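Engineer: According to Swiss-Prot, the record shows the following:
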BINDING   Gly97, Val100, Leu469  Na(+) 1 binding site
COMPBIAS  718-728  compositional bias 'Polar residues'
TOPO_DOM  106-119  topological domain 'Extracellular'
TOPO_DOM  184-285  topological domain 'Extracellular'
TOPO_DOM  336-364  topological domain 'Extracellular'
TOPO_DOM  418-451  topological domain 'Extracellular'
TOPO_DOM  517-531  topological domain 'Extracellular'
TOPO_DOM  600-616  topological domain 'Extracellular'
TRANSMEM  85-105  transmembrane segment
TRANSMEM  120-140  transmembrane segment
TRANSMEM  163-183  transmembrane segment
TRANSMEM  286-306  transmembrane segment
TRANSMEM  315-335  transmembrane segment
TRANSMEM  365-386  transmembrane segment
TRANSMEM  397-417  transmembrane segment
TRANSMEM  452-472  transmembrane segment
TRANSMEM  496-516  transmembrane segment
TRANSMEM  532-552  transmembrane segment
TRANSMEM  579-599  transmembrane segment
TRANSMEM  617-637  transmembrane segment
Amino acid sequence: MADSGSNEEAMKRQAPSVKFDSPSKPDPQQVSQQSNQLSSQKSIQQSTQSKIDPSRIDTKNTTVTTTRPTLDTPPEEEEEKRDGFGNSFEFVLTSLGLAVGLGNIWRFPTRAYNNGGSAFLIPYLTCAFLFGLPAVYFEFLTGQYQGKSPPVIFRRVRPILEGVGWMGVFVAALVAIYYIVIVSWISIYMINICRGHFALWSHCNNDWNNGTSCITMADQYLCKNHTKVMANSTLWNSSLPIPDKMVYFNGACQDANGTDVSTATEQYFMTYIVQPSSGMLDFGGFNWPVFAAMSVCWLLTGLGILKGAKIMGKISYVSVLVPYVLVVVLFINGVFQDGSGVGLEMYFGTPNYTKLYEQDTWTEALKQLCFSLSVGHGGLISLSSYSPKRNNIFRDALIVIIGDTTMSLVGGGAVFATLGYLAKATGQDVKDVVKSGLSLAFVVYPEAMTRMPVPWLWCFIFFLMLFLLGASTEIALVDVFCSCIYDQYPRFRNRKWIVVIAWCSVLYCIGLVFSTRAGYYWFEMFDEYAAGFSSVCTVVCELLVMMYIYGFRNVRDDITEVVGHARNKFTGAIGAHSWYFTANWMVISPSIALILVGLSFVREYPYMGRHDIYPAVFDIFGWFLSFLPVIIVPIFMLLNFIRCRNRGHSYRTLFMLQKQHASYRRIAANYSKDQLALQDQLPDKEPWDEENVDLTDSESESRNAASGDVPIDDVATIDTSSTYHQVY
């Protein structure tokens with residue numbers, strides 16, 4: 001009877017960390033004394049007896065000593081503290097909002113056109129299978145299983161590697177700083193469309209036009225296609241008053257003095273909207289319309305993340321679903337325009353398979369995929385941490401990949417159908433009107449829209465779609481850092497406005513340089529350097545840490561906990577449990593990412609070959625931005641060494657799996673005696689749990705009872721011969 005009583009009492013005090021005390025049977029008198037002590041602490045008994053998990057007892061030995069539970073909070077309490085999406089559909093929509101962005105509309109179409117047309121889909125879809133889907137699936141798994149932000153996740157794997165989690169956070173911050181500039185330009189276009197400017201940007205009779213260098217697109221066509229050859233140029237003596245002479249030289253129209261001329265829509269964007277100075281170091285004062293637009297956009301971004309994941313999920317119904325509707329509307333409208341067939345044929349119908357043998361084609365496919373999916377930005381991990389732990393992440397990863405690719409294909413179709421119409425209307429070939437990047441969105445497409453019936457409507461629909469795509473991505477990027485602060489400083493969960501205002505203000509102040517007249521050149525620097533190299537480095541580090549340090553077998557066990565066991569051999573072979581993903585995360589994806597890292601060093605110096613506009617400081621500061629997230633890793637290594645010393649813990653704990661990790665109990669159940677003996681060195685709380693509150697003894701006891709923590713001095717011996725036991 002004494003043994004039975006001791007078993008019952010011990011089962012109530014079961015903890016995840018176990019160590020061997022002695023091979024002898026427990027003394028009944030000691031057990032009785034401990035029982036009396038436990039009976040005087042009724043509140044602690046009631047809270048802890050439901051936390052027992054006999055699966056963590058080693059059956060090879062008869063007596064073990066247990067210590068306090070090691071999870072910081074029980075799962076049910078943690079879910080109450082941390083925000084979450086209303087349902088899995090909202091999580092998918094918000095993830096799509098981060099992945100599907102402006103690059104799907106203005107980068108993908110021109111990259112596809114320049115790299116083989118429809119043949120570009122072969123390397124793009126191949127890279128999506130080899131890199132895109134595994135990367136998204138991996139980041140969803142990492143975030144959802146732990147239910148924490150990236151720095152906390154990697155700190156729990158090994159505290160010394162906390163900086164790996166911060167890498168993606170800083171990449172997201174760098175992208176958010178300049179990404180909102182594009183959203184600001186788009187918002188200015190939307191406002192000006194409502195003011196009637198859609199009828200003004202297609203001709204040269206406006207105050208902002210340079211009368212000596214402004215031409216219409218029709219004039220540009222005449223300049224470019226005149227047959228009289230003169231050396232390396234073509235001279236056209238126009239009967240029009242402006243310009244009276246133009247030369248087509250080295251790919252651009254020039255006037256008689258050798259000055260480049262530009263179309264009316266180009267001048268509207270560059271002269272009226274951007275208002276650039278002579279170079280990146282010539283700041284020239286503020287561009288007040290851009291300054292005002294940025295201020296409003298930052299205000300809207302702050303409001304979008306102020307209420308957390310639940311509100312973000314609701315916003316995604318509009319910011320994500322509406323762009324899909326609008327892009328279909330634009331595609332249908334473009335298809336029914338005269339000349340659209342020529343544009344669609346250039347995009348879909350004329351594959352150039354010889355491009356598949358060129359390295360640049362595959363490189364461009366990889367770059368487009370990385371930028372489009374936002375892998376390595378910390379955002380996908382952060383968003384998935386708000387998702388329920390049993391959510392089907394493999395299904396969601398497939399949806400994100402399919403949704404992103406669909407937007408690229410349909411958006412590209414809408415763009416090229418419209419370009420075909422514009423080429424027919426101006427008497428040019430499609431190749432003559434194709435532009436890349438910003439020019440496609442802010443110059444060529446508006447030019448085409450003004451020639452359609454009801455031009456203001458189509459212009460507004462196009463820029464509204466861009467605004468929603470950009471805003472949804474910006475909100476997700478800014479929220480990444482805020483999530484990290486909420487996790488490491490829980491007291492701010494109920495005062496989120498402090499974190500949101502502070503973080504948005506910091507990014508806003510840094511981004512003020514974009515609202516100067518040199519802002520366009522600084523934007524180009526951020527766009528060129530901020531995300532590519534650093535995001536790929538982040539992916540490599542995350543994969544290496546999780547697959548080789550945390551362990552690929554543990555990752556596979558995490559998958560089983562999240563999505564359950566494979567239903568049959570077929571789903572086990574190609575589904576969430578497929579060994580393909582394990583091999584991919586260990587070898588294929590890191591190799592692909594390292595190739596991208598190497599290729600990122602191959603670029604033109606100076607940028608665009610214009611040392612007068614882009615001096616050496618452009619590339620120097622650009623590379624500093626690229627390496628900034630990487631520098632974060634050793635900085636946090638040093639900080640954790642200092643933190644460990646100040647807390648009086650052994651430095652060995654910096655290289656050990658922490659008790660707060662979601663799989664610690666499962667993994668510790670298989671530890672050897674020597675490994676179990678080392679677990680006592682691990683801290684029972686996160687550093688921020690010790691620093692954030694100063695509790696009295698009674699408050700501490702109450703909190704321990706609520707969280708399932710038992711005072712470290714209270715131990716109980718357990719007879720593992722009990723039949724109430726199973727191996728995990």
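Cβ coordinates come from backbone N, Cα and C, glycine included.
Since the structure is predicted, the reported quantities are computational estimates derived from the model, not experimental observations.
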Engineer: Which numbers of helix, strand and coil residues does DSSP report for the topological domain 'Extracellular' (336-364)?
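Structural biologist: Summed by class, the stretch gives 21 helix, 0 strand, 8 coil.
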Engineer: Is the topological domain 'Extracellular' (106-119) packed against any residues at least 6 beyond its ends, judged by a Cβ distance under 8 Å, and which are they?
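Structural biologist: Non-local partners: 346-356, 358, 360-361, 364-365, 368, 371-372, 408, 411-412, 415-416, 434-438, 440-441.
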Engineer: With an 8 Å cut-off on Cβ distance to the Gly97, Val100, Leu469 Cβ center, who else from the chain surrounds the Na(+) 1 site?
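Structural biologist: Near the Na(+) 1 site, the remaining chain residues are Leu96, Leu98, Ala99, Gly101, Asn104, Ser319, Val320, Pro323, Met407, Leu468, Gly470, Ser472, Thr473.
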Engineer: Cβ under 8 Å to the transmembrane segment (163-183), counting only same-chain residues 6 or more beyond its ends: which ones?
Structural biologist: 102, 149-155, 290, 294, 297-298, 301, 376-379, 381, 438, 467, 470-471, 473-474, 477-478, 480-481, 484, 507, 510-511, 514, 519, 522-523, 526-527, 530-531, 534-535, 537-538, 541-542, 545, 625, 628-630, 632-637
Engineer: Which whole number is the mean pLDDT over the topological domain 'Extracellular' (517-531)?
Structural biologist: 91
Engineer: Other than its own, how many Cβ atoms are within 10 Å of the Cβ belonging to Leu469 (Na(+) 1 binding site)?
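Structural biologist: Looking across every protein chain shown, the total is 29.
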Engineer: Would you say the transmembrane segment (579-599) and the transmembrane segment (286-306) are touching, if the rule is that at least three C-beta pairs must lie under 8 angstroms and be 6 or more residues apart?
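Structural biologist: No, these stretches are not in contact.
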Engineer: Could you pull out which residues elsewhere in the chain have a CB under 8 Å from any CB of the transmembrane segment (532-552), counting only those six or more residues past its ends?
Structural biologist: 135, 138-139, 142, 154, 157-158, 161, 164, 167-168, 170-171, 174, 367, 370-371, 375-378, 582, 585-586, 589-590, 593-594, 596-597, 600, 625-630, 633, 657
Engineer: What count of other C-beta atoms do you get within 10 angstroms of the C-beta of Val100 (Na(+) 1 binding site), across all chains shown?
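Structural biologist: There are 28 of them.
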Engineer: Given a separation of at least six residues and a C-beta threshold under 8 Å, show me what packs close to Gly97 (Na(+) 1 binding site) in the same chain.
Structural biologist: Ser316, Ser319, Val320, Ser472, Thr473, Ile475, Ala476
Engineer: Take a look at 85-105, 315-335, 365-386, 579-599 and tell me which one has the most Cβ pairs under 8 Å to the transmembrane segment (120-140).
Structural biologist: 365-386
Engineer: Under an 8 Å Cβ to Cβ limit, what residues of the same chain, 6 or more beyond the ends of the topological domain 'Extracellular' (600-616), are close to it?
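Structural biologist: Tertiary neighbours of the topological domain 'Extracellular' (600-616) are 278-281, 521, 524-525, 528, 532-533, 536, 622, 626.
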